[in-house]
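Read the structure below first, then the notes.
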């Protein structure tokens, strides 16, 4: 327990006057203990730093060698005048036809190998986020009232969900399927398919309309939905609905949690590298209806409070002629999987409760294991994106800490231990120097608060995440796209801006995608934020 103490925070809650009993009329208080993310400043695992530099060298060796070659040849040529250089090249050397043919053949072969082996750039042409109809809007008060009328919950469960909602950061305009509040079992295949059809086709219809690309032009389709996986699959449902071509490469990812959107991007990128001159569509969603929990287990009631309807559809291309109309270019994807650890593996776990009701159980360790996964991911990402000055300061302080730092012993007092920890903290790079925009998965207000504190982000940096959580709730793997849509609706994205999408979820996994804006993105008359973006961030 002593090792967990730094991860706990306490809060005294006023429960009001006791209504009855021997203490009736007396004020009552309780102490609420909360878990928080581990402090990223306390420890940095060197193996993740090495992994980041390994990625950098694998993909950027030519960047290091090219300047060296230029310097060597520049030094050699710089000692010669123009006349001496001309004489040395043409008059001082005897050339024959065979030598010239061999030289130019080698040059052409080398250039061909270089350009053929170089990965094709992956462009984001456009994306769309589904906005449900207004009759599916539900406020927090209506949510609890409808849950009470459904007869699925006892008063203790309703009170617990009301408490979670009040501190969740979710607003009063999120969307919930009507079936979840209807009496009886809503977690049926019929209701799951109905919700999936609504959100999938809604997002894809808008994407194809905005991009001008026909469904039959798509060569790669990747769909991710963690908890609802019917047969035929959701990807087959899309192929059937849009009558896509028979040669399409379709994939359906299930059980991969809220970070599956970036995993789907990674798969689509690999498919585009293997299939040139193609389009790929990535669809990310989660089915709320099929996974609604109507029991009394509190760890399974938490997802009811956060998850809401949502879906995103992204159009990617590796066609070089799409360079001019593309919005973004994919720069990096870094994936971290902590499933080898038992606590991380079971931190988000689908199972049945004592009454054999299926639900998604959220462990009390979720903040700690999530923080460790995020720390590993951003440490690996750092060498790929941070300015050299930030990397130099980080490595210097990290090396000094490991060589000369001291670790407090158990005999130290708490004050002395805290002072030593503060002195031994490595320099954490400023990620605001690497990115202009941040799209952090809108899991909950508590998670966003802790990430903002740990990474030293400003309110403006997490504005898109907080706005998305407030307006749409936690839409799982599609939330990072609602956040990017918010930035575009605000007119914040300029040519050359770098966008960091950070997602995390069951497994436990944390994944990052880095984009570079190819042009300034203008505000449009479409999208999920068109009627409400001007209200933010005032409501947050």
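The backbone N, Cα and C atoms fix where each Cβ goes, and this holds for glycine too.
Unlike curated records, TrEMBL annotations are generated automatically.
What TrEMBL records for 60-77 (among others) is transmembrane segment.
TrEMBL lists 97-116 (among others) with the feature transmembrane segment.
Annotation source TrEMBL lists domain 'FAE' at 114-399.
The transmembrane segment annotation in TrEMBL covers 248-268 (among others).
If you look up TrEMBL, you'll see 258 (among others) marked as active site.
Taken from TrEMBL, the feature active site applies to 337 (among others).
Per-residue pLDDT, averaged along the domain 'Beta-ketoacyl-[acyl-carrier-protein] synthase III C-terminal' (436-516), amounts to 95 for this model. As annotated by TrEMBL, domain 'Beta-ketoacyl-[acyl-carrier-protein] synthase III C-terminal' applies to 436-516.
The Cβ of residue 437 (active site) lies under 8 Å from the Cβ of 464, 484, 487, 492, 493, 497, 498, 499, 500, each on the same chain and at least six residues away in sequence. Here TrEMBL flags 437 (among others) as active site.
Residues or ranges marked as active site in TrEMBL: 441 (among others). Shown in sequence order, 258, 259, 465, 479, 480, 502, 503, 504, 505 are the residues of the chain, 6+ apart in sequence, with a C-beta less than 8 angstroms from the C-beta of residue 441 (active site).
The active site annotation in TrEMBL covers 470 (among others).
Among the features that TrEMBL reports, active site is placed at 474 (among others). In sequence order, 170, 258, 306, 307, 308, 442, 443, 444 are the residues near residue 474 (active site), counting only same-chain partners six or more apart with C-beta under 8 A.
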Alpha-carbon distance [residue 470 (active site); residue 337 (active site)] in Å: 29
Other parts of the chain folded back onto the transmembrane segment (248-268), taken as Cβ under 8 Å at six or more residues beyond its ends: 122, 218-227, 229, 233-236, 238-239, 275, 280-284, 286, 312, 314, 316, 330, 333, 335, 348, 350, 441, 443, 474, 476-481, 501, 503-507, 509-513
Active-site residues: 337, 470 - member with fewest neighbouring CB atoms within 10 Å: 337
